[in-house]
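A.B. asks: Take this structure first; my questions come after.
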Amino acid sequence: MKQGTIPYSSIAPCLLAIIVDALGFGLVYPVMTALLTASPSPVLPVEASTTLRHFYLGLSFMLYPFCMFFGTSFMGDLSDKYGRKTILMLCMTGIAISFYLMAIAIESSSILFLLIGRSLSGLMAGSQPIAQAAIADLSTAESKAKNMSIIALSYCIGSILGPLLGGVTSDSSLISWFDFSTPFFIAGTLAVIALVWLMLAFKETHLPSGKKTIDFTRPIKIFVEAFEHRNIRVLAIIFLFMQIGFSLYFQFIVVHMKYVYQYDNWQLGAIQGMLGLGFAVGLLIGMPFSVKHFKTINIGFVSLFITAIGQLLAAVLPIESLQWVLAIIIAGADIMAFTALLTLFSDSVSEKAQGWAMGIANAVMALSWAITGLGSNFLNTLGTQGLIFIGGICLILSGFILLSQNKNSYP
C-alpha cells in the first residue's frame, strides 16, 4: 500500500541493513591497507615482497566491485521474484558470513579465505537498492524524493562509522586486544542483528512474482545495450571517467596517508571517515540547495571540476592538514556529481526504462572500481600521488565531455 509518510518503525530494520552494508564497505579500506602493506603481514608469508603485497591489496580492492557487478542486479531480480524481505535477509546472512570469514582468515593467516570473504561481501551487496525498492513500494510519487533521503542519510551514517570502526578497532595501540580481525567480528555481529530484526519486524512490501526470469548475464547485456541509446551512451562514458577518477582517490588516499605520513590504523580510519562526512554534506546540504537554483547538467559539470581540482591538489601538495580538508570537499563534490549524473540517466529514458538506466549506471560504476582496484600494482612506478593525479585528469575529461553536450538535451 502506498503512503505519503512512512513510519520510521516500519522501515527501521531496513535502514539498519543499509547502514551495515555501507559500514562494511567503508571499514575494509583502512583495514586492508594496514593489513596488506604491513611488513610482515599477518596473512602473507614473511618473505612477501612489496610488489606481492601491492598485488594482494589490489586484488582485495578489485574483488568486491567485480562481484558486485553481478550481485547487485542478481539480488534485485531475486527481490522482484521472491520479495524484498526474503532477499534482504539473504543479503544480511551473506554479509555476516563474509565478515566472519574474513575475521577467521586473519586469525588463521589465510589470504585465500580473506579474498573469498571479500568476494562474498560483493555478491551480497544488494541491500541498498532493494531497500530503495522497498521504500518506493510504500511511497507516493509526491513523497518518494523525501523518503529516499532517509536512505541517503542511512548510507552516510554507515559511510562515516565504517572507516572509524575499522581503523579504531584494528589498532592494538589503543586497546591491547584489538587486532585486524576485531572490526570484522563486530561488523558480522551487526549484520546478524540486522538479520534478526528484519526477520521479526520488517513486513514484506512487494508481492513476489514467481514468473520473473533470472538472467545471470543481465549486467553484461545492459552494458552493451547502453551504446544503442545516444544520450545513455554519452552519459555512460562520462560516468565511466568519473568513477575511474574518484575511485582512484577513494581507494588510494588511505594508502597515501599510510606511506607518506606513516598513519596508524585509527588515523587511516579517521581520514576515510572524512570522506563519509563529505558525502553527508554533499547529499544533505549541497544537493538540496543546488537543485533549487541550478539545472542538473550544470550541477554535474561544476561538481566534477571541483572534485578534479581537489584531487589534483591532494596529489601535488605535500601538506598533511590540507588532506583532511580536501577529503571533505572532494567527497562532497563527488556525491553531488554522482547524484546529478544519475538524475540525467533517469531523465534520458521513459518511466518504463528506469530500471534499465539505473542498471547501466550500476554496471559502469562496478566495472570502474574493479579496474582501478588493480591500480595498486602500479604503486611502485607511479606512487600514490601519481594514481590520485591520474584520477583527477579522468574527472576533468568527464567534466569536459559533459560540458560539450547540448544542454537542451538534458533538463
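Heads up, the Cβ atoms here are built off N, Cα and C, so glycines get one too.
Given the structure is predicted, the values throughout are model-derived calculations rather than measurements.
Below, the features straight out of TrEMBL:
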- 10-409: domain 'Major facilitator superfamily (MFS) profile' (DOMAIN)
- 12-35: transmembrane segment (TRANSMEM)
- 55-75: transmembrane segment (TRANSMEM)
- 87-106: transmembrane segment (TRANSMEM)
- 112-136: transmembrane segment (TRANSMEM)
- 148-168: transmembrane segment (TRANSMEM)
- 180-202: transmembrane segment (TRANSMEM)
- 234-254: transmembrane segment (TRANSMEM)
- 266-285: transmembrane segment (TRANSMEM)
- 297-317: transmembrane segment (TRANSMEM)
- 323-344: transmembrane segment (TRANSMEM)
- 356-376: transmembrane segment (TRANSMEM)
- 382-403: transmembrane segment (TRANSMEM)
A.B. asks: Can you tell me which of 55-75, 87-106, 180-202, 266-285, 323-344 gets the most C-beta pairs within less than 8 Å of the transmembrane segment (12-35)?
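C.D. replies: By Cβ pairs under 8 Å, 180-202 leads among 55-75, 87-106, 180-202, 266-285, 323-344.
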A.B. asks: For the transmembrane segment (323-344), give me same-chain residues lying six or more residues beyond its boundaries with a C-beta closer than 8 angstroms to one of its C-beta atoms, as numbers and ranges.
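C.D. replies: For the transmembrane segment (323-344), the sequence-distant neighbours (Cβ-Cβ under 8 Å, at least 6 residues beyond its ends) are 231, 235, 238-239, 242, 246, 249, 253, 256-257, 271, 274-279, 281-283, 286-287, 290, 296-297, 299-300, 303-304, 306-307, 310-311, 313-314, 358, 361, 402, 410.
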A.B. asks: So which residues does the transmembrane segment (266-285) touch in its own chain, when a touch means Cβ under 8 Å and the partner is 6 or more beyond its ends?
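C.D. replies: Distant contacts of the transmembrane segment (266-285): 26-27, 29-30, 33-34, 149, 152-153, 155-156, 158-168, 170-171, 173-174, 250, 253-254, 257-258, 323-324, 327-336, 339.
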A.B. asks: May I ask whether the transmembrane segment (87-106) has at least three C-beta pairs under 8 Å with the transmembrane segment (356-376), counting pairs 6 or more apart in sequence?
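C.D. replies: The answer is no, given that the two segments have fewer than 3 Cβ pairs within the 8 Å cut-off.
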A.B. asks: Please report, as numbers and ranges, the same-chain residues at least 6 past the borders of the transmembrane segment (297-317) whose CB is under 8 Å from any CB of it.
C.D. replies: 242, 245-246, 248-249, 253, 256, 287, 290-291, 323, 326-327, 329-330, 333-334, 336-337, 340-341, 344, 385-386, 388-389, 391-393, 395-396, 398-399, 402-403, 405, 407, 410-411
A.B. asks: Within the same chain, where does the transmembrane segment (87-106) have neighbours whose Cβ lies under 8 angstroms from its own Cβ atoms, ignoring anything closer than 6 residues to its ends? I mean 6 or more beyond.
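C.D. replies: Contacts with the transmembrane segment (87-106): 14, 17, 20-21, 24, 35, 42-43, 75, 78-79, 112-114, 116-118, 120-121, 123-127, 130-131, 134, 179-182, 184-185, 187-189, 191-192, 194-195, 198-199, 202.
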A.B. asks: Mean pLDDT, the domain 'Major facilitator superfamily (MFS) profile' (10-409)?
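C.D. replies: Mean per-residue confidence for the domain 'Major facilitator superfamily (MFS) profile' (10-409): 89 out of 100.
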